[in-house]
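Undergrad: This is the structure I have questions about; it appears just below.
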Amino acid sequence: MNIWKTLTMTAAALAVSAPAAMAEWQPRKPVEFIIMAGTGGGADQIARLLQGLIQSKGLSPRPFIPINKPGGSGAEALSYMKDKEGDNHTLLVALNSFYTTPIIQEELEIDVLSFAPIGRMAMDTFLLWVNTDQEDITDLDSYVAAVKAADSTWKVGGTGSGQEDSILTAMMEKELGYEVTYIPFPGGGTVAKNLVGNQIDSTVNNPSEQMEFWRAENTKPLVQFNGERTEPFMDVPTAKELGVDIEYYMQRSISGPAGMDPEAVAWYQNLFEELFNSEEWQAYCESDGLTCEKWITGDELAAFHEAQLKRHEELIEAVGAESIMSK
Amino acid sequence: MDSILTLLGAGLLQSFEPLNLAMIFLGCLAGLFIGAMPGLGSVNGVAILLPVTFLVPPTSAIIFLAALYYGAMYGGAVSSITLGIPGASTAVATVFDGRPMAQSGRADQALMAAAIASFIGGTISVILFTGFAPPLALFALKFGPQEEFALMLVAFATFIGLGGDDIPKTIFSILIGLVLAAVGFDIISGQPRLIFFGMVEFQRGIEFLVLAIGIYGIGEMLWTLEHTKGAIQMHKVEFGLKRIVKNLGQVKKYLPTTLLGSVLGFFVGTLPAAGATPAALMSYGLAKSFSKDGDSFGKGNVSGVAAPEAANNAASTGSMLPMLTLGIPGSPTTAILLGGMIIWGLRPGPLLFAESPDFVWGLIGSMYVANFVTVILNIALIPIFIRVLAMPFSILAPIIFVLCVVGVFATTDRMFDTWLMLLLGCMGYLMRKLNYPVAPAVLAIVLGPLTERSLRQSLISSQGDAMTFLERPISLVCILIAVALVLFPVISNILRKRKATLKAAE
C-alpha cells in the first residue's frame, strides 16, 4: 500500500515538473499590448490586426489585450512602460513619437534605447490628404496657393503636438514657406473623420487611416513623402519629385520594457517574426501602403532606433521645438 | 424603404439560424455575468472571448460579441443596484437611484425597470439604426469640436439642477470633479500637470472607474454601515408572477424618460468622441430636469434607474454606427470588435454597407433578437440577484469591500490605484455626510477631458475667437438649450418661493 502511494506520488510529481523543465518561456498571463496612440489610428489598427492573428493562429497560450494610452503624445504610454521595468507581460506598439516625445519632454526621463527591441514590423508611408470637396486643389502647387491665401488660418489636423505628423507639418511649413494652424486630435482615425466632415482643411495621415475614405472618394492624396512611389499610390508624386526636400517615414515596431528577461525577449522576437512573415501581414502591408521587406530585430533594431533618435533630434532642432509645440 | 425591409428580413432570418441563435443566447448570458462583476467590464469580456469566435463564421462571431456587449450593458445595472458598486463605468448613473431603491426594499422593482428600460432603449436604437444609419453617419460628421463642446455644456447644465436646491454645493462638486479630471498629461501640449506631491503615478491621470468604485462602492458601504448598523436590508424576498405583473404596471411611470433616454443615448453613442457613460449621465440629468418631482431623484425614483439604463443600451447600439461606417470605435469595447472585423477581412468604412450587406444586416438583425433574449434572461434571474440583499449588511459589507479592491486592481493592475480608490471612497463618504451631491463630481470627471479637448480644439481652430460657438447652427442650438436648462431650475425656484411668500402673506 505504501509503495503504491509513493509510486503514484512520484509519477504525479514527474508529470507536473517534467514539462515545466522542458518547455521554453511563454506568457503566463494576458499580455498587455500598449498602443501609444488613440483608437482607429494606424498603430491601433496594426495592434488589433496582430492581436487577432496571434489568437487565430494560436501563437500564444495567453491572449494579447490591446490598450490605448494616447495621452501626452505617447508620454502616457512611455511612462507606463518605464513603470513596468522588468515586466515580461507588457509590450509597446511604437511609432515615431517613440523618439520625439522623449526628446521634447526631457523631464519624463525616458530612455527608449533601454527598452527591449522585439522587432520592426513595417515602415509606413505619409501622404498629404485633402477633402475631395476642395475641387480647386489638385496638386501640391494649388495646395500651397490655397494655404497661403488662407493666411495662417488653414487648419491642419494631427495627432498631437510633438507627434511625428506635427514634425512633418513643421517641415512642410519651413520648406514651402507658409504657416498653418495645427489642431491636435486623440488619434489618426479621429483626424480622418474630421477631414471627411470638413472640420479641418488638410492632414498628413498614414494610408491605413484614410484608405476606406479614399476608396469611397471622400478624400484625395496630393503628395507622398516616401523616397519612391509606393503601392497602391503609384499615381501620387513624391515630394522629392516635386523638388521639395522632404523624405519621412513612420516606423512600426514592437518593444518590451527595459529589463525584460532574455528568454521572454527571445520568445516575443520569434512570435513577431512569424507574424511578419505570415501571408496575412504581408497582404496587409501591400494593401495599406506599408513597406515590409526586411525583418529587423535585436541589436540591428537597437541600432536603427539609435540612428532614428539622432535623426529626430536633428529634425526637431532644424524646425525648432517651439514650432511643433502649441502656443 | 422597401429595400431596407427586405435586407432587414434577410438579416433577421440569418439571426434565427440555429448557430446564430445559440451565439446570441450564449453571448447574452456571458455578458450578463461579466457586466455584473465589478472590474470585469465588457472590454475584458470581449477581449478574452475574441479567440473563441475564430471557430465560427465572421457573422456569427460578431453576433456573439455584440450580444455579449449588450448583455454586459444589462448586467452592469445588477451590481449597481444590489451592491451599490457600478459593475461597469456605464452603469454609474444607475447607482444614483437604483441603490436607494434597493435599500428601501424595492430592488426587484429597480432591476425590473433597468431590464425593461434597457430593452426599450436597445430596441428603439436598433430601429433608428435600421432606418437612418447613412444619414446619421453624415450628421455625426457635422459634429466638429465646437458642437462637441456645446453638447458637453448641455450635459453640465442638466447637472446644475441635480444637486437639488443647493446650487453652490453642486457647482463645488463639479469643480472637484474637474480638478481630478485634469490630473495627468495636458491633452494638447503633452506636459504633465497637477501631479500631486510629485508622485509619478499621477502622470497617468485618475482612472474614472477608480473614482466611481471608490465614491460609490466604498463611500456607500460606509454610509450604509453607519445607518443600518449591519442589519438586513430586505427582509422578505418574494418574486412571484403577481409581483412581476405589478412591476410591469409601473412602466407607465417611467416610459417618457425611457423614450427620451433612448433617443438621446443613441444619438450620443453615434458621436465617436462620447460613448455610453456620458450618454447615461446626460440622460439621468435630463430626466431629473424635466421630472415633476425632481427632488425625489437620488432618493429612489424609478425614473432615475430607467433613464440611464435606456441610454446606455441605446448608446451601445449607437456606437456601432461610427465603428461600421467610419472605422472609429465609439467605445473601448467596439474597438475590440473592430479588431475582430479586420481579422475577418472586413474593412469598416463608408463602403461596408454596400460591399458586405450580409454581414451588416445579419448584425442588425441579431440586435433585435439579442434585446429580446437579454430582457427575458434578466427578468428570469431577478430572484437570484435580489437574494444577495437578504444577507445582513454586516456580512455584505466585507464582500463589497473585497469586490471593490479586486475590481479596481483587476482594471488597472496597480496597487496605487487601489489606495487611491480607498482614499476617494472616504472623500465620497465625507461629501455625503456634509450633504454635498457626489453625482456632479462623477459627471465632471467623465466629461471633463472631453470638454477640455473640444474647447481647446475649437479655440485653436478659430484663432481664439469664442464667437465660433455661436456662429455654427448646431452648436448655437445646444448652447441655447444649455442656458435654458441652467435658468429653468433657478427661475422655477424663485417662482415657487414667491408663491410661498404670497401664500404666507395671505
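One is the number of the first residue shown, and numbering goes on along the chain from there.
Cβ atoms are placed via backbone N, Cα and C, with glycine included.
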Undergrad: From B:20-40, B:440-460, which range did TrEMBL mark with transmembrane segment?
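TA: That would be B:20-40, per the transmembrane segment entry in TrEMBL.
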Undergrad: Which of these ranges is annotated transmembrane segment in TrEMBL: B:238-259, B:304-325, B:326-347?
TA: B:326-347
Undergrad: Need one number: mean pLDDT over the domain 'DUF112' (B:21-443).
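TA: The average pLDDT of the model in the domain 'DUF112' (B:21-443) works out to 82.
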Undergrad: Among B:20-40, B:47-71, B:77-98, B:392-413, point out the range having the most Cβ pairs under 8 angstroms from the transmembrane segment (B:359-386).
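TA: It is B:47-71, which has the most Cβ pairs under 8 Å.
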Undergrad: In the same chain, who gets a Cβ under 8 Å from the transmembrane segment (B:110-129) while lying at least 6 residues past its ends?
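TA: Sequence-distant neighbours of the transmembrane segment (B:110-129): 70, 73-74, 77-78, 81-82, 94, 97-98, 101-102, 136, 244, 247-248, 250-251, 254-255, 258-259, 261-263, 265-266, 269, 302, 305-307, 309-318, 320-321, 364, 367-368, 370-372, 374-375, 378-379, 382, 385-386.
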Undergrad: What residues in the same chain, six or more past the boundaries of the transmembrane segment (B:47-71), come closer than 8 Å to it by Cβ-Cβ distance?
TA: 14-15, 19-20, 23-32, 34-35, 122, 313, 316, 320, 333-334, 336-337, 339-341, 343-346, 358-359, 362-363, 366-367, 370-371, 373-374, 377
Undergrad: In terms of Cβ proximity under 8 Å, which residues at least six beyond the ends of the transmembrane segment (B:171-188) contact it?
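TA: Sequence-remote neighbours of the transmembrane segment (B:171-188) are 156, 159-160, 163, 194-196, 202-206, 211, 431, 436-449, 452-453, 456, 460.
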Undergrad: When you check the transmembrane segment (B:208-225) against the transmembrane segment (B:392-413), do you get at least 3 Cβ pairs under 8 Å, counting only pairs 6 or more apart in sequence?
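TA: Touching, yes - the transmembrane segment (B:208-225) and the transmembrane segment (B:392-413) meet the threshold of 3 or more Cβ pairs under 8 Å.
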Undergrad: Assess whether the transmembrane segment (B:20-40) lies in contact with the transmembrane segment (B:326-347), where contact requires at least three Cβ pairs under 8 Å among residues 6 or more apart in sequence.
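TA: Answer no, regions not in contact.
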